[in-house]
Amino acid sequence: MGLTISSLFSRLFGKKQMRILMVGLDAAGKTTILYKLKLGEIVTTIPTIGFNVETVEYKNICFTVWDVGGQDRIRPLWKHYFQNTQGLIFVVDSNDRERIQEVADELQKMLLVDELRDAVLLLFANKQDLPNAMAISEMTDKLGLQSLRNRTWYVQATCATQGTGLYEGLDWLSNELSKR
């Protein structure tokens, strides 16, 4: 009986725990996003070798965000972070037109992985403040997102250094994950 009341109390008033995996190619802005969400400020970053993990509390949800390095030699290690992932944040440098096909290939590989079949997908179209940044519609097209079936996804325009779009993305993520 005590356990039942305790679990009910925690469901009503406690924070829901969510495991989020944040990936993307190198220099897309993953670590900048993580620490902007965590600390509310921009921190000086260096290329991530391995991972950073932080807890971000937002709207009564406690997101455990795993930021994994994106250099090509590190990407094979991404699979070690897939288990129990409820939300996948894929960060894309909207200004990097030369590597958009590489982004599409990596994203499609991940979406075929069985361990991620139930994870919702949030794409942060980062660096929207740059003059040649791809529009959301162009990025959606180049990444082939319209053809995704049986996958809940959303693209959010962001600028990590200014913080724009980040909380809107978390809003979408928290709304989708709270339905589960």
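Heads up, the Cβ atoms here are built off N, Cα and C, so glycines get one too.
As annotated by Swiss-Prot, N-myristoyl glycine applies to GLY2.
Look at Swiss-Prot and you will find 24-31, 67-71, 126-129 tagged as GTP binding site. Other Cβ atoms within 10 Å of the Cβ of VAL68 (GTP binding site), summed over all protein chains shown, number 20. According to DSSP, VAL68 (GTP binding site) is assigned to a strand segment.
Under the DSSP three-state reduction, SER147 (phosphoserine) is assigned to helix. Here SER147 (phosphoserine) comes close to no residue that lies at least six apart in sequence on the same chain with a C-beta under 8 angstroms from its C-beta. The feature phosphoserine is assigned by Swiss-Prot to SER147.
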Please name the residue among the binding-site residues GLN71, GLN128 whose C-beta has the most neighbouring C-beta atoms within 10 angstroms. GLN128
Are there any residues at least 6 positions away along the chain from ALA27 (GTP binding site) with a Cβ closer than 8 Å to its Cβ? List them or say none. PRO47, GLY70, ASP93, ASP96
Least crowded of the binding-site residues GLY24, LYS30, counting other Cβ atoms within 10 Å of each Cβ, is GLY24
DSSP three-state assignment for LYS30 (GTP binding site): helix
